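Feature annotations, reproduced from TrEMBL:
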BINDING   A:CYS523, A:CYS526, A:CYS563, A:CYS566  Zn(2+) 1 binding site
BINDING   A:CYS532, A:CYS535, A:CYS550, A:CYS553  Zn(2+) 2 binding site
DOMAIN    A:290-456  domain 'Helicase ATP-binding'
Amino acid sequence: MTIARVIVDVPSRETDRPFDYSVPDSLRDWVEVGSRVAVPFAGRTLQGIVVALPGDAEVELSRLKAVSDVLDAVPPLSEELVKLGEWMSRRWLCPLTVAFQAMLPAALKGRTEKYVSVADDAVFSDEELAEAGALLHALRKDSATQAKLSALLTKFQGSGAHLKRWLKQGRLIERQKVENRLSVKTVLTVFPRDADTLGAGKADIPARARKQREVIEWLEEHPEPIALQELAEAAGTTASTIRSLEERGLLEIRGVTEDRDPYADRDFPVSSPLPLTPAQATALEPIASAIDAKDRKVFLLHGVTGSGKTEIYLQAIQQALSLGREAIVLVPEIALTPQMVERFKSRFGARVAVLHSRLSQGERFDEWRKIREGRAQVAVGARSAVFAPFSNIGLIVIDEEHETSYKQEESPKYHARDVAIERARLSGAAVVLGSATPSLETYEAALSGRAGPDIPHYISLPERVADRPLPGVTIVDMREELKLGNRAMFSRELADALRDRLAKGEQTVLLLNRRGYATFVMCRSCGHTVQCPHCDISLTHHKGSGNMRCHYCGYAETEPKTCPACQSPHIRFFGTGTQKVEESLAHTFPGIRVIRMDVDTTSEKGSHEKWLTEFRERRADVLLGTQMVAKGLDFPYVTLVGVLAADAALRLPDFRAAERTFQLLTQVAGRAGRHELPGEVIIQTYDPEHSSVASVQGHDYAKFTEQELFIRSQLGYPPYGRLIALTFSHESVPMLLSVGQRFASGLKAKAAELGLASTELDVLGPVPSPIPRLKDRYRFQCMVKYRGELAASALVAGVLQGMGEAVKKSGVLTSVDVDPQMML
DNA sequence: AGCACGCCGACT
DNA sequence: GTCGGCGTGCTC
């Protein structure tokens, strides 16, 4: 007997384990590891994923139910992806089914539908026929196909009670089926036979069948396959005429799956490999030989903006393809611009599948199938493209490796960089992590001197291609501007530079670093911000209580009326937006043409592309925006980059604030002077001494990193220590506190038991979450801080499991974030 | 998660 | 005496 070990699609801790089912003979050939099946479970039918096919000796056979259906002809997951899902579940403490769901396109999310039919021997009285005759009639009519319960209930609202009773009595039978949310779109297509057959067949067509003859004549002119509807229209007839020709054997009508190719109507100029600079060639060499040797190595490709990293990716991919292997390229969502896609489509044409969030569910599903069916060998996409259903991956590239968008903020809260490295381990692929500003985690690992399969090999590209210089960076101290009576948004330097570009017809990118506004308090006179004395983190202002609070340790103080450092009364919350800047630009520079890009102006599909095209064609002088103008854009006439509030995000209560700021400033500075015209960068700040701002001036990643790593090591933050954030939520605060405390003391007890010092594992909290109430539920969080390689995830999971009973009864929900990226 | 089974109040 | 309210417990 064949047994299938199945993970059912119920995302809860209780059901997060395999259940065994017998496989009926009729399905035996279809069930594989990775198959999506329908199984009976606690009185209903659910979708599940087959994770193993154990022998009968391992299983107690008596209690088994049978798999009721196999949902796909080809399993949507491979053994490799099943293993990867199991690893994700352990690594990020999420239910297995949640990990699997993340790997499947939304179109394959199963939905259980109930169908109703009349039992063979059911008898209904005249009275019942009178009351619910229409319902019974509908049921009998649809008996072959069975009627959808949900449809019946809406159509026959008055007869709901009858339906329910008859189902209970067994006079109606309910059956459940798992259906896809979306199916493959098929088009009926006519395939004509060869010319000889058509010619011979035409002679046999009776004289009065004029239309059929016309169709054949049309097909003789156009012998390629054509959609049924199209042919009918072209020949001025209907489908029935064409069907009679099918009966004569002159053509064939088949359903053909139609791909919704979002790039179908676009031409991509063909590009061939560019000659590499010596530096690029040196960088490519070890990557190419790792691919050659099926050596699963990780590389950190650290190259300044404009150093030609993309060309190295392209040629490494070429290498993988030439060996018959596939490649995945991950790009931050925000950088997945048409410009980027074009580079890959131009080089690899139809072999590229593109996956990103702007595609419809259907389009995404089509791209996904293109990969699984082997019609594409290169997948370019955001985070989730790391799950592209390839079978023989040679290379995974992660561009802008440091980007936060690689971390998913909903469960499964995975980081695509870590998933990529694990997937490469399973498939024997090489990994290239590319960035001008690598994350401190990656950089520290690469230079640590540690050895190991996950430790990146460091490759550096310190120069731009074609000897183009990095742009000069000027830092403007806005406190000085204020002292001199300039209360405008633009410093004199920036205003002058802008005026100069307007006169020369060159272009400017203006970045408003808006993230973090209004949550922190800053003195406009001296730039002082209020910090937590225990955590070296900005305090968060809470409107309700008027408190300043640290959400790491819970420390609180009252909000200051004057600046604690300089006694100035000009201490206040910050707040401004792109719109305000736009108005100010129009006011200061009459006639200036500004494109504003923020969430408001780019929410519409295709608007992003539209604005960028407009800017590229120089129909605007200034591109003003938030983070989205900082990444990956490449415009020849941009010679000035201005940053309006460099330190805005610096005060966020997040230990990565400085790292983020440095990365953002370096990225946006890299937009200037990428071609013949030299570039200039002007950064406005209230905190010019801060290393994350100051280091941008010399493009000095090493200097910034050295200082920042020192701070991290002192405080035990990543990469030296690691974090797990737990959020508990409930309608009532006391309940929350007691559960939170129970967790904290439970984990501390466990640590003591294992002889761990508090420097090795510590639990902070519970304290109110940064969002203290959400959807009528209060939220508290605990932060677990631990050293290095400790298997803390498993410890946390163990403690949560141990307090299971009490917590379940209390109704407190727990959400775990391993390696949180956003502290807000 | 969500369905069955169970034990208590409002009806034919 | 039955229908159905929603509180626990289990799901191959």
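A Cβ is built for glycine as well, from the same backbone N, Cα and C atoms used for every other residue.
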Over the domain 'Helicase ATP-binding' (A:290-456) the mean pLDDT stands at 93
Between the C-alpha atoms of A:CYS526 (Zn(2+) 1 binding site) and A:CYS550 (Zn(2+) 2 binding site), the distance in angstrom, to the nearest integer, is 22
Same-chain, non-site residues whose Cβ lies within 8 A of the A:CYS523, A:CYS526, A:CYS563, A:CYS566 Cβ center for Zn(2+) 1 are A:ARG524, A:SER525, A:GLY527, A:HIS528, A:PRO564, A:ALA565, A:GLN567, A:SER568, A:HIS570, A:ILE571
Rounding to whole Å, the Cα atoms of A:CYS563 (Zn(2+) 1 binding site) and A:CYS532 (Zn(2+) 2 binding site) are apart by 15
Sequence-ordered list of residues in the chain of A:CYS566 (Zn(2+) 1 binding site) that lie 6 or more positions away and have a Cβ within less than 8 Å of its Cβ, or none, is A:CYS523, A:SER525, A:CYS526, A:HIS528
One finds that other Cβ atoms within 10 Å of the Cβ of A:CYS523 (Zn(2+) 1 binding site) number exactly 23
Across the binding-site residues (A:CYS526, A:CYS532, A:CYS550, A:CYS563), the Cβ with the fewest other Cβ atoms inside 10 Å is that of A:CYS526
